[in-house]
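Report on the following structure.
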Amino acid sequence: MILNPNQTMVTEFVLEGFSEHPSLRLLLIGCFLTLYTMALIGNIVIIALVTSSNGLHSPMYFFLCNLATMDIVCTSSVLPKALLGLVSKENTIAFKGCMAQLFFLVWSASSELLLLTVMAYDRYVAICHPLHYSSRMSPHLCGALALGVWSICALNASINTGLMTRLSFCGPKVITHFFCEIPPLLLLSCSPTYVNSIMTLMADAFYGGINFFFTLLSYGYIIASILRMRSAEGKKKAFSTCSSHLIVVCVYYSSVFCAYISPASSYSPERSKVTSVLYSVLSPTLNPLIYTLRNKDVKLALGRLLSSFSH
């Protein structure tokens, strides 16, 4: 960090968390602990099913496995510290710890958005070009797409985190959130945040704009293709293969748009906390349930896995 001689370097921040609602502390502890446990178990089960079941060795489930991994990273970067803050009197976080949390959160959240777009493209090829599916979605291409998602988003997280470490923080040091996030951190900086704001807007435009457009475009073609099908059974089967993903897209994008697609000047701590719970806690918990309950292949694989443990 660059500091003037009269400025004191902030070595730790205080996370406000939900301290303004002390009566809800026990309820929040119970809810967060339950959701975190469900998110971990659900996503680990998805990864175990995809890696161990031959019937799930297809591009769709390969990307689902990547999504489950990022769900674990996302919720694990936020909830353990949030739970610790709810049970302790003072919820402090070291500057380096704050930057680490920011990196993993940005990396996982942006990776999920890109993965949802890749999964939408996968469904587009499967429904609109079924005869060319195996050649278009080759293992080599799937591996390259996954590696590209992880790398691009790691670079995005590194740039945003690196720019944050260059800012001066000379007090106050209370982050009006339950984890380290870009908007409330920028409000605490006592040095110019112009470059950070520009990079945040560029990331918003890419992930929330261009990325979202390609997801919508894929589903536009998918819906048009389904409507052209003559067989009612064919329509039902085609829709069932992408309905789970469509639900996940709607839940995740709606929460992310509420949390991030707004200028830093109009930042609202209360609104940000609620929307952040949606994408960092609720979405990683619901994703495995949505894919398990609405997917016959996953339910069959889960049944076989459970029966193997019972014998």
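A Cβ is built for glycine as well, from the same backbone N, Cα and C atoms used for every other residue.
Per TrEMBL, these features apply:
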TRANSMEM  26-49  transmembrane segment
DOMAIN    42-291  domain 'G-protein coupled receptors family 1 profile'
TRANSMEM  61-79  transmembrane segment
TRANSMEM  99-121  transmembrane segment
TRANSMEM  141-159  transmembrane segment
TRANSMEM  205-227  transmembrane segment
TRANSMEM  239-262  transmembrane segment
Leading stretch by Cβ pairs under 8 Å, where the reference is the transmembrane segment (205-227) and the options are 26-49, 61-79, 99-121: 99-121
Distant-in-sequence neighbours of the transmembrane segment (61-79), which means Cβ under 8 A and at least six residues beyond its ends: 32, 35-36, 39-40, 43-44, 46-47, 50-51, 101, 104-105, 107-109, 111-112, 115-116, 118-119, 122, 142, 145-146, 149-150, 178-179, 276, 279-281, 283-285, 287-288, 291, 297-298
For the transmembrane segment (141-159), distant same-chain residues with Cβ under 8 A (at least six beyond the ends): 59, 62-63, 66, 102-104, 106-108, 110-111, 114-115, 118, 199, 203
Taken over the domain 'G-protein coupled receptors family 1 profile' (42-291), the model's mean pLDDT: 87
